[in-house]
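So the structure is just underneath, and the comments pick up after that.
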Amino acid sequence: MLFSDFCKILDKIEKTTKRLEKTDYFVELIDFIKTSEKPENLKQVSQITIGRVFAEFENKEIGIGPNLLLEAVKTTGIPEKDLKSKIKETGDIGTAVENLSSNIKQVSLFSQALTLEEVYSTLKKLSEIEGNSSQKKKTRIISNLLILADPVESRYISRLILEDMRIGMNIPTILASFSNYFNVNKESVEKIYAVTNDIGLLGEKLISGSDIENDPELKLKVFRPIKPMLAQLTPSIEDAMIETKMPQFETKYDGARVQVHKSNGDVKIYSRRLENITNSVPELVEEIKKLDIDNIILEGECVAMDLDSGKPRPFQDILRRFRRKYNIDKMAEKIALRIYFFDVLYYNRGLIDTPLKTRREILEKLFGTNNWDSELEKIKKEIFSSKMLFSSFKLNSGDPNLVKEFFNWSLSIGHEGIMIKNPDAPYTPGSRVKTMYKVKPTLENLDVVVTRAKIGMGKRKDWYGSYELSVKDNDGNLHVIGNVGSGLTEDDLEKLTKIVNEIKIEDLGEEVILEPKIVLEVTYEEIQTSEKYEMGYALRFPRVVQIREDKSINDINTLDDVKKIYEIERNRK
């Protein structure tokens, strides 16, 4: 498939704002591929359309930032001054390169047109280049690719290198297109994507005529992590109990979500972003290897513990462990980790369609019970033990007074609150469900992405000291909700400034526009209505709690979350 044919349809998709039209254009693209010589190209097309070369679970990136891309573009013959001016004018490096493509060095008239396979394989190679001269090699490869591209191709190649296509396409739209073209149930393709995290594989299977409902490659598999199921925020324990009828109560831990996979004695541990963190937590791996269980996927919360106080250490200590690459054993001696397991998703077969109560029974057979209402003394001893693997603390009673007592006890031992779960519910990967609720004592902190940064003043003049914060809507579009500068230490500012310089897209002098890659957890006094921002809401007195290196733009809060918190707080007043 010629890359130019692909880009023509991408251009159509980009020019419409209507979701149904985007779906129709992608259906047109599928039909074009279906009748081509290589229908398997749908795999690459599906991934590229959302700005990815690798499947999400592979945890790989092209690894090229805006600065390196700019260097590569300059070597094609485009003057740096013109390039920066055009980026400032258009707000997009892809459009800037397209508009200035007449400056790109010409190649032989007899050179062949770029194919989809060539572009795809070239970009995959970029992620594999390492070593002292890697920057030069990457620059040369990108430059050669742009020299071979026509103007529209150069727009999309530039964006794909930054993994941001800017055409308004997302996974749900591609899944809707699959459903329409292949005449398959939309819920089926959504569920299969949820257990594979591989839109390319799903497209490849559909176009080859596979029976996707029964294809073993499209089932939940060990060592292919899935996105976690997410809880709803609830205004009160009472409201959540009404929604979940005969609920199950568990402690909400102050830690980091992890997924543990084990098969044939091999163990891998993944973060909520599906990152493989196995090498960073060797002591946990060794403990899991000792268990007489195999062919299993477990989910739990990894907590950094202070064994003297029996309370969790700061969340940043967990991130220090997850990010550590050297002297891991020494760090393990300083920061003790444990996992509280609260779900089993696979045990010799997929379990996500079975009720939570059944999954919990399996979990308790493996790790024992931790029933707060009948085993509190045992739990108290375990809190101070050096044991690393537990089942989560659970309350079996629905007595409102006991539930409140359990909630307060969970807070007293340093955790965040409680979870309220429907015991009859299945596990729905990657979705925020109405069968699981979190109850916390204070306003819910928000995870937001930084979209702009501004140079600081006074003591902060050497760093970016103020950050524009955004949340996303259901289509993935970003909406500004405020600016923050408080809560950041000098170490934080230094770290953020370094990242900003690597991901800035446009320089406006004292302010820069960024790729949406920095996630901050912020607290605030309240959410208020505001005409200043398009979304109609703003954070009052936001303050940074921590830099969430364990989260990506996929994990940030949504506009709906903001509206819900606003309504909850308004009803409390």
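Keep in mind that glycine also has a Cβ here, set from the backbone N, Cα and C atoms.
Noted in Swiss-Prot for the protein shown:
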BINDING   Glu250, Arg257, Arg272, Glu301, Phe342, Arg432, Lys438  ATP binding site
ACT_SITE  Lys252  active site, N6-AMP-lysine intermediate
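In this view, Lys438 (ATP binding site) is surrounded by 18 other Cβ atoms within 10 Å of its Cβ, with every protein chain counted.
Residues Glu250, Arg257, Arg272, Glu301, Phe342, Arg432, Lys438 are the ones the record ties to ATP, and the longest Cα gap between any two of them is 19 Å. Local packing around the Cβ, expressed as the count of other Cβ atoms within 10 angstroms, is greatest for Lys252 among the recorded positions Lys252, Arg257, Arg272, Arg432. Across the fold, the C-alpha of Arg272 (ATP binding site) and the C-alpha of Lys252 (active site, N6-AMP-lysine intermediate) stand 16 Å from each other. If you take the Cα of Lys252 (active site, N6-AMP-lysine intermediate) and the Cα of Phe342 (ATP binding site), they are about 10 angstrom apart, rounded to a whole number. Packing around Glu250 (ATP binding site) is summarised by its Cβ count: 24 other Cβ atoms lie within 10 angstroms of its Cβ, all protein chains included.
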